[in-house]
Amino acid sequence: MNMVTRTLISVLLAAAAAVTAHGDHDEQHVIAGPHQGLWYNTLPGDGGTQADSVFSGISTFGRLPYAPCLAHKDINYDIAFIGAPFDTGTSYRPGARFGPSGIRQGSRRLNLYGGYNVPLETNPFDSWAKVLDCGDIPVTSYDNTFALHQIEEGHYSILSRAPKTDAHKKGPSLAGKTLPRVITLGGDHTITLPLLRSINRAYGPVTVIHFDSHLDTWRPKVFGGSPSDVASINHGTYFYHASQEGLLRNDTNIHAGIRTTLSGPSDYENDGYCGFEIVEAREIDIIGTEGIIKKIRDRVGEKNPVYLSLDIDTLDPAFAPATGTPETGGWSTRELRTILRGLEGINLVAADIVEVAPAYDTNAEHTTMAAADALYEIMSIMVKKGPLSVLDIEPAKETSDL
Ligand SMILES: [Mn+2]
């Protein structure tokens, strides 16, 4: 073994040891060293930067341990947060490339008191699951085609490795393996197309729950005018492409929170062809959060693998002003969080949050805080469900490259 190899191995071992120590709940409260008297914030939920107070230190989602997962294939986890800072598919206000860093800033206080979720009776920061923040996928802002390729490959690298828990048990992927869950921080909504392409490689077609004020199934000639193939893939058309590419399970998908204007009633018709049912935001006045939850659960069923995509513009701009295409008449943060918690028990395999553009936020960080809290509910239902090995799903037929 030469010097370079030895040095490389010792660096990798040190990195692996650091990750293990942070992920291990028994060890993380043991602080040793000459300055241990300075450290005080060691609550159970505090995921790894425990030497810092919540308002200091380097930001990760919920102060989870950071690990360079894209650079090191041997780092494992059960849930990974990964950023996709892409915003060159927007039709109106750009700025969602700062979404990942903004959401992390907004999430700093999530586990100040330990992170226990009272209504769900679980602590996603202190459970069976090893949860990491894997940083961001490198994304070019100069070439959309290349950027979408980067996002698909980056996501697939995070998705397609063995999880920390139940790695050797059978799971619901096409290859019969158990995989980790991935939560992606966008980015404008275009990113959901490469994310679903990655998901499709692992699971085949999936069922999508799409929270948004907009349909995003528009045909390119209706949305954006489609002057080129590159322009035809944008944050209003990606679900049209996903449907055309066979990434969605037929007639199991649902939008929730819709209140956009249309080019005409044919947009709803086209949406149906793409495999979606629609829950409009205003339905909450009649059927309440319970009725909305029931509609979603009835549509997605018990046996489908589910992907959840959350556009922050689902929320009313009073609660989340910092987004590319805000629409008034949306749900409150309380209503959205109740609806998300109502999805407990579904076969959630992965999720994203998109369209957070922090430059338009209030000084009080309304939007990034709302985004972080919504993700906290999503993370909680993932943890409460258990590892993906426990999922009872109807598999797709295709073969896998896993
Ligand atoms: Mn939207």
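Any Cβ shown, glycine's included, is placed from N, Cα and C.
TrEMBL annotations: computationally assigned, not manually curated.
Here's what TrEMBL has on this protein:
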BINDING   His189, Asp212, His214, Asp216, Asp311, Asp313  Mn(2+) binding site
SIGNAL    1-23  signal peptide
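Of all Cβ atoms in the shown protein chains, 31 besides its own fall within 10 Å of the Cβ of His189 (Mn(2+) binding site).
The C-beta environment of Asp313 (Mn(2+) binding site), restricted to residues of the same chain at least 6 apart in sequence and closer than 8 Å, consists of Asp212, Ser213, His214, Ala320, Thr323, Gly324, Thr325, Pro326, Glu327, Gly330, Glu355. Those residues of the chain, other than His189, Asp212, His214, Asp216, Asp311, Asp313, with a C-beta within 8 angstroms of the mean position of the Mn(2+) site C-beta atoms are His210, Ser213, Leu215, His235, Thr314, Thr325, Val354, Glu355. Under DSSP, His189 (Mn(2+) binding site) is assigned to a helix (H, G or I) in the three-state scheme.
Long-range Cβ proximity for Asp311 (Mn(2+) binding site), meaning a same-chain Cβ under 8 A and a gap of 6 or more residues, is found for His189, His210, Phe211, Asp212, Ser213, His214, Asp216, Gly257, Thr323, Ile353, Val354, Glu355.
Among the binding-site residues Asp212, Asp216, the residue whose Cβ has the fewest other Cβ atoms within 10 Å is Asp212.
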